[in-house]
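Notes to accompany the following structure.
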Amino acid sequence: MKLVGGLLLLFAATYVCNCSEVTSHPSATVDCDIYKKYPVVAIPCPIVNIPVCGSDYITYGNKCKLCTEILRSNGKIQFLHEGHC
């Protein structure tokens, strides 16, 4: 129970302290190759809030979560830019 509480506190602190907005970089990409060794339903994404925008115009919590959707959609969803959509 203490572990869960600690993780929730860490997530909340990360969310609140994410004060800098990331600018978009048109040439930036996301490399999902490291996640291909896991089943799509079991990709171990970290609990950090560094938002990225997918080509479906959904803001994902971080690049790992976007990669999960990219792999789930067989590449139909792509990385658009860093930051919120």
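The backbone N, Cα and C atoms fix where each Cβ goes, and this holds for glycine too.
For C85, the partner cysteine in a disulfide bond according to Swiss-Prot, taken from C32, C45, C53, is C53. Of the listed disulfide-bonded residues C45, C53, C64, C67, the Cβ environment within 10 Å is emptiest of other Cβ atoms at C45. Using Cα positions, the member of the disulfide-bonded residues C32, C67, C85 nearest to C45 (disulfide bond) is identified as C67.
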